[in-house]
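*Asks:* First the structure, which I've put down as structure tokens, then a few questions once you've had a look.
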């Protein structure tokens, strides 16, 4: 701690508590330095006068002292600002920086357990049903190793982000958004022109992809019930979009806590069903021939591997760690780590079970969603009731995922069109919220119906967005904030992860775009896939 901050802490301690002889010796020791003498002499004497002659003011002073000990009071520095909204506001930055997006959407009321629900919904989503397809591009060794390494790196990187957020919160400036972190750590331009738009694009892309997956789940249920039905995929995408249109009006991230608890239970349910179904099919007499060799030769194999890396990175991707941590009521220290433990307990039990069982049962014939392997020529390999149950679980859970990834868009909408001086549920704020949230869902639904290339979209999102947000920026933020020794393992470990992830992102982006171009030759807009 530098001299300036140490002296200010001593003085603040003297101001906020009844002074003792030790306090006087520590605080008055600064008077030998002329640069501090004018600033503090009158304040010390004034505080001593207050304690001596106006004891009725001590309760307010002691309350301030207690808040300072909890890390919520603000030091005498223009760079720091007090938290606000302890009764449901957005405990965040100072009043001058208050906006409706933070105040209405990112309310800091939740517990660490509810934070775990949000994290689990954001990470353990139906995108994990693409993991057997990624294994088919990598083989057994490459698939298991990549899945394990990605899990370790993301758990580590999310903890680094949490530590940076807790550090700034302890200094009195709690950051609620990814762009706020980039603004304070990298500079205003990085937050406004790079990290903010990147996060918004990735999260909205996830909304599009999940809307497409919801339509595919509805179509799957329809085909199980009516194998010769005439409805096409885009019909079901529109139906799912209508459901999302209603649910998107949930006012804040914190209001999703009960939905996300149900989402956690549902993801455990459909992953257990998928694993059991794959094992059943693998041992049945109708089991497809299994081939675990990697398809493709030469450059196709290389691009396929990088495409698989992007899919795995996207499956672990989050991109909204600051927004999730913003839902936690202060003080926040240590709570995010507990939430991550809850989340990764579910991650380990679901990701590996689905990936390994699906690849074991179907080998290199694993499709972009392993549920599609349970149907061959519109004939189910499992009992119809079992398939219907699995897809209903998936359908309901993916609707919760859409709501979670809508939150950055909701923040932008509220910030642009809501009035923070009015009540959140006033007509002035409810009408714009209803209109613009509905328009965002309509646009996402239209794009999902037009571009039914789910696996390719997931890979592209992973390369362009999830890898930078989840694998690169956490390392950079930590190194710049805490400045670990350049001779230490932490600094070089973070640097190596960031560099390798950058290379992976660049090559993975090329591989993903290449795959989309190849698929575009066979698919058309509004294709019935």
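Just so you know, glycine gets a Cβ as well, placed from its N, Cα and C.
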*Asks:* Look up transmembrane segment in TrEMBL and report which of 284-302, 303-321 it refers to.
*Replies:* 303-321
*Asks:* Ranking 117-138, 202-221, 457-477 by the number of C-beta pairs under 8 Å to the transmembrane segment (434-451), which range is first?
*Replies:* 202-221
*Asks:* If we call contact 3 or more Cβ pairs under 8 Å (sequence gap 6 or more), are the transmembrane segment (341-362) and the transmembrane segment (144-165) touching?
*Replies:* yes
*Asks:* What residues elsewhere in the chain lie close to the transmembrane segment (262-283), defined as a C-beta under 8 angstroms and at least 6 residues from its ends?
*Replies:* 116-117, 120-121, 124-126, 128-129, 290, 346, 349-350, 353-354, 357-358, 360-362, 370-371, 373-374, 381-382, 386-387, 389-390, 393-394, 396-397, 400-401
*Asks:* Which of 117-138, 202-221, 233-250, 457-477 shares the most C-beta pairs under 8 angstroms with the transmembrane segment (144-165)?
*Replies:* 457-477
*Asks:* When you scan the chain for residues with a C-beta under 8 Å from the transmembrane segment (457-477), skipping those not six or more beyond its ends, what do you find?
*Replies:* 127, 130, 153-154, 157-158, 160-161, 164, 178, 181-182, 185-186, 195, 198-199, 201-202, 205-206, 208-209, 212, 307, 309-319, 451, 494-495, 497-498, 501-502, 504-506, 508-509, 511-513, 515-516
